[in-house]
Amino acid sequence: MSPSSVALLAAVVIVVMGGAAEAANTKFVSASCNTEKIARGSPFFNNLRDAIEDLRQNTAYIGYDYKTSHVGSGGAPTAYGRAICKQSISQSNCTSCLSNVATRIYGICGNAIGARVQLTDCYMQYEQRSF
C-alpha cells in the first residue's frame, strides 16, 4: 500500500471512530422517593406525567439542565420537574438516558408524590412543590 493510501485509510478510521457516539451510561446511582402517594389517573398524576414527558423531550435542547412546571387544572396541584444530563453526552443520548430514567422513576418510586432518580449520565426529579 502506498504511503498516501495508508494516510487516507488512517484518516477514514479516525473520522469513523471519532464520529461514533458512545451510548449514554444508564447505570443506576441513587433514588429518593417521597412516602406520600398519589392516585394514578388523578389530575395531579396527569400533570406529573406531562411534566416528565416535557423533561424527557426538551432537556437535551435547552442546555442539558431544564426545569418545568405543569399547572393543575380544576384545582389540581402543579407538578414541578427538573432533568439534567452530563454535558459530555450527545443530545440523542441525553434524551435516551432521560427516557430510561423516566421509566425507572415510576418503577422505583411508584406513585410517590415526589421522586429523584440519578443515573450515571442523567438525573430526573419531580415534586408537588417548587424547588
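Note that the numbers count up from 1, one per residue, in the order the chain is shown.
Just so it is clear, glycine is given a Cβ too, placed from its N, Cα and C backbone atoms.
Fair warning: this is a prediction, and the values are worked out from it, not measured in the lab.
Lifted from Swiss-Prot, the feature list:
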- 1-23: signal peptide (SIGNAL)
- 26-131: domain 'Gnk2-homologous' (DOMAIN)
- Cys33-Cys109: disulfide bond (DISULFID)
- Asn34, Arg116, Glu127: alpha-D-mannopyranose binding site (BINDING)
- Cys85-Cys94: disulfide bond (DISULFID)
- Cys97-Cys122: disulfide bond (DISULFID)
Could you give me three numbers for the domain 'Gnk2-homologous' (26-131), the DSSP helix, strand and coil residue counts?
38 helix, 32 strand, 36 coil
Of the disulfide-bonded residues Cys85, Cys94, Cys97, Cys109, Cys122, which sits closest to Asn34 (alpha-D-mannopyranose binding site) by Cα distance?
Cys109
Express the distance between the Cα positions of Glu127 (alpha-D-mannopyranose binding site) and Cys33 (disulfide bond) as a whole number of Å.
10
If you skip the near sequence neighbours and keep only those at least six away, which residues in the chain come within under 8 angstroms of Cys94 (disulfide bond), Cβ to Cβ?
Ala24, Thr59, Ala60, Tyr64, Cys85, Lys86, Asp121, Cys122
Show which residues of the chain containing Arg116 (alpha-D-mannopyranose binding site), separated from it by at least 6 in sequence, have their CB under 8 Å from its CB.
Ser30, Ala31, Ser32, Cys33, Tyr123, Met124, Gln125
How long is the line from the C-alpha of Cys109 (disulfide bond) to the C-alpha of Cys97 (disulfide bond), rounded to the nearest angstrom?
18
List, in sequence order, the residues of the same chain other than Asn34, Arg116, Glu127 whose Cβ lies within 8 Å of the centroid of the Cβ atoms of the recorded alpha-D-mannopyranose site.
Ser32, Cys33, Cys109, Ala112, Ile113, Gly114, Ala115, Gln125, Tyr126
